[in-house]
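Encoded as structure tokens, the structure appears first; notes follow it.
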């Protein structure tokens, strides 16, 4: 497991060392690109949202069907095309095409985070997941800090930063070629039932790990019976022949799992918050640079976008680490907590929009990202606690798809030039109101849940 994990971490690191990213809005508004603010905000940036939504479900299925590595390579290639075009493309249509490839690079991110589960044992999942996510975090932070230092201290041009970004994603693409090709996947490529029965016989019921008491048996994950799908192993023997791929059967299984997963009220609650808040989060981070540009035009003064992105990422990581050690009854107080923190998010976005001071905008943005990272971590844990990896991928994929569908609708109405095409300040006022509405919904739901639980407890006590 060490080699593929190390290669995937290296890929994730170099993919995210993109020092030009915090300054992309400023770069697109430079005279040589010949683009207006309206074109950038209302005609170019929405293309990312549309392409991400259109590609997400096909990429989700293709990732599993092609067994991850080809889609990881596609992501690297998409990022290379994106930054190459960012360097040399001119005109509205060309930059819109660039945004399409960036949307493809974002949609294929699922292959990066799911690849490792196909080549390591279940008892290593937590460790390798932390390694991969840490690699992306460190890469993003290094890129943001490097960009800020090179702009503010060394006086480099934004074109030079994009050259560094192109070089970094090219190194990542080269690294991905050395990843081993997985033999199994979650949905399409399974082992035969004969092999499956052998693996179930060697499960150690005490700790859920497999013991090697049969020479032809590879270790298997210890999920619940209906979702036990070994993710690794070599298919050399007749017993390990892959089952014939049946797309219709896979889709039926996905639908059945979907209905079972969302039949739980707790699961539904956290998933609804996930989808609603992620929609708003994407909108804010996509257009935050545009807001900063309107508050303080970059051609008049020095900007610190890179430092702000790095600070928000690192402080968010600290918050995520801390929340992992907090013990509380999320089943009881989760909805109220979501309501409270969603209100704080709404307040942060409102302050960003109304207080036209760049330092206040920066600080509010940092608070916004910290709270979101904290809450999404709690939601991730709550959703994943009782799920197998197969259902984990399904639920997170569905939640992300719903978030993107909502974001597409919001973009089409509020941002796109073919819709209302509102200015950036009006957009952020709508986003603040959006999070306030989320807060109100979960406050009402949370109070209802607490009252119902309290009444149930009183009834139990009276019976006893």
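The backbone N, Cα and C atoms fix where each Cβ goes, and this holds for glycine too.
Listed in TrEMBL for this protein:
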type	residues	note
TRANSMEM	43-63	transmembrane segment
TRANSMEM	70-89	transmembrane segment
TRANSMEM	101-125	transmembrane segment
TRANSMEM	137-157	transmembrane segment
TRANSMEM	163-180	transmembrane segment
TRANSMEM	268-288	transmembrane segment
TRANSMEM	303-323	transmembrane segment
TRANSMEM	330-351	transmembrane segment
TRANSMEM	357-381	transmembrane segment
TRANSMEM	393-414	transmembrane segment
TRANSMEM	434-454	transmembrane segment
The transmembrane segment (303-323) touching the transmembrane segment (43-63) per 3+ Cβ pairs under 8 Å rule:
no
Contact set of the transmembrane segment (70-89) with the rest of its chain, CB cutoff 8 A exclusive, min separation 6+ beyond the ends, reads 11, 15, 18, 20, 24, 27, 59, 62-63, 95, 97-98, 101-102, 104-105, 108-112, 115, 159, 162-163, 165-166, 169-170, 172-173, 176-177, 179
Recorded stretches the transmembrane segment (434-454) and the transmembrane segment (303-323) touching, at least 3 CB pairs under 8 Å:
no
Quick one: do the transmembrane segment (357-381) and the transmembrane segment (101-125) reach 3+ CB pairs under 8 Å, ignoring pairs fewer than 6 apart in sequence?
no
Answer yes if the transmembrane segment (330-351) and the transmembrane segment (101-125) have at least three CB pairs under 8 Å among residue pairs 6 or more apart in sequence, and no otherwise.
no
Near the transmembrane segment (268-288) in space but 6 or more residues beyond its ends, with Cβ under 8 Å, are 41, 45, 48-49, 262, 334-335, 338, 342, 345, 349, 352, 365, 368-369, 372, 375-376, 379, 382-383, 395, 398-400, 402-404, 406-407, 410-411, 415, 424, 427-428, 431, 434-435, 438, 442, 445
